[in-house]
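If you look up TrEMBL, you'll see 1-107 marked as domain 'PH'. What TrEMBL records for 118-153, 154-189 is domain 'EF-hand'. TrEMBL lists 376-409, 425-464 with the feature region 'Disordered'. Here TrEMBL flags 429-450 as compositional bias 'Acidic residues'. For 473-589, the entry in TrEMBL reads domain 'PI-PLC Y-box'. Among the features that TrEMBL reports, domain 'C2' is placed at 589-718.
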Amino acid sequence: MQQGTLMRKVKSKSWKKQRFFKLQDDCMTIWYQSKRTGKTESAFSISDVETVREGHQSEVLQSLAEEFPPERCFTIVFYGRRGNLDLIAGSAEEAQCWVQGLRQLIEPRSFPLTSALVSRTWIRDWFQKADKNKDGRMNFKEVQRLLKMMNVDMNEDHALRLFQDADKSESGTLEGEEFVLFYKALTQREEVLSLFQEFSEDGKKLTLLELVDFLRQEQLEDEGTEELAMELIDKYEPSETARARHVLSADGFLMYLCSPEGSIFNPQHRLLWQDMSQPLCHYFISSSHNTYLIEDQIRGHSSIEGYIRALKRGCRCLEVDCWDGPNGEPMVYHGHTFTSKIPFREVVSTLGKYAFKRDSRVEPYTPSPSLVLQGDGGAGLQQCGELGDSRSHGGDGLPQVPTSPPTTLQELKHKILLKGKKIGRLEDTLDGPGDEAPDVSDDDNGAEAEEERRKVKRGSALQKDKESLAQALSDCIIYCKNVSFRGFQEARSHSRPSEISSLSEAKARKLVRDAGNEFVRHNAWQLTRIYPSGMRTDSSNYSPQEMWNVGCQIVALNFQTAGTEMDLCDGLFSQNGRCGYVLKPPFMRDEETLFNPSDPSSWESPGPTTLTIQVISGQQLPKVSNSKDEAIIDPLVRVEIHGVPADQARQETKHIENNGFNPRWDETLQFQLHVPELALVRFVVEDYDKTSRNDFVGQFTLAFANIKPGYRHIHLLSKDGTSIPPSSLFVHIRITE
């Protein structure tokens, strides 16, 4: 890899160009150049690579399957929304060299990362960026440039003093370990050191009992505290001598605070921690809208990448819009628009590979709960038959007709459930046709403007729908039969738990406003799906929180669009093993509940819970993407509460001028939560600008139920929801009932 390899970079069947790929000496960067011009075309960091796929595992490489064998093909997948890189090597051996080499290089970043590894990787990255003449050394001028790149506004005399202290060889340059010393001096954490000394009698170490005191008094760890203290010393103390004496140094203390155990997110809740034996309607379900789109709703690109990205994010309800295609093969795309199309069989094949796949390195205990497929579109009789026969493409995970309706989520494990139109009743599928005339349900999905037109045409469409639905496909719809919503009383009288209604965001919002308690009761026994307005052609999102407040289970969002709404979605579903299912609070699972999110008198809480957050400091905050190298950010922290209307709140700190490297705020924010069970807490860092809108720097969102009290680090995420180590906030959390 370091010698370099000539490979074909491919973008389409006709665009296949040779590029020379080379791994740099730092083993952190890959650049490639045009064979024809010799000009370096692009470069990417190993830290940007999420995974490597072998063979024809992209649409482009699948289209070239007859021309190039799978053993020569591979795909580099990047974090966030950056497009994949499809490559064809000259031989199978060369392809394996790159596939295995890349996997080895990205392997050390698997969770959990130690803070030492993050720092080493980060130091090396910065060293390479600042070493302009690539001589492996850094003079003071290069160090000054580096400080600006790292968001540090430092007095020149102070910077020179740190530089000279680290220059042990007195060569006037820093290299290797000297730069590490410089970095450590730069990142001295005074606020952590003073906390350490508060509990350390000699100011140099924490004895086992002193660490136990800290864990009990500040971190509120009240069970197995001595065992936990021993584990933390064994895991995070860098000195073998100190480990043998069961003591924790200041370095070890900092490493603990930066670790998963020192995170604001309760590490126990990262695993599967909720009851998974409840009925399907008792869970919030991570859900996407028009999953196949990775851009806008009118002319956007349809891609199986949409499904892969959503599934890897924990999504458990996907949308598949099938329409008649050429040669009797159904196609997936947004009907009556100009979006591109993908063959339905490719979608099914992708689901077979990724629907129940888990990364054992990341989430070793993740279950494989059911996957709901929302089926829409206008495929005709023959091609509907193709859909019904498609179970053979996806293996055992696709639905089989059961002998009785399911009662719990556990019974549906590893199953794909189809949501859509159905001929007749569920009982007819299970027991054979009865005397009742067959009923074909309709789906409310689509632009709100079409709602009235559908009502007028419903009578004539009924017969047409009967003719166009294939029995094979209809028989697959067991648990999520689509029915129109005609009011809560009508649903209570005539609907069944195996049925589901789809509502537009506007219609749902009106029901929340006019009949909040009835909506909560309805969702205690039946599924409801909410979808974005047809006016959101730019793939923007509505707030999912107001829909979760009334217990709607399937709140479909455009996963391709970053923003607050997707932050809330990722925040809610980052718990429970990231399985895509979160159990609703008890008062939302009771069919006779009095709860109404808009009516405080209906809440049974003994009184508000007080959440007190001391925002202490920030560490190595990233520069905003549109700023120049010289621009150092002026960061502020905003804390937002998303929950029932009475709990909605936001407060922010003052901004710190010219310091994105180690800003200190030491400000306290306080919130009153009346329904903490539904609250999400979002931490946002912005670059203050007095003349225009603040720029986004990073964020982290989690459910209130997952917060750990005490001194905690918040590891920030990018706009795309990917981690940006070692950027973090240091806070103290207190929760008072």
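Any Cβ shown, glycine's included, is placed from N, Cα and C.
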Completion exercise
Reduced to three DSSP states, the domain 'EF-hand' (154-189) has 21 helix, 1 strand, 14 coil
Problem - For the domain 'PI-PLC Y-box' (473-589), the number of residues DSSP places in helix, strand and coil - result: 48 helix, 21 strand, 48 coil
Handout entry: the domain 'PH' (1-107) [mean pLDDT, rounded to integer]
Key = 87
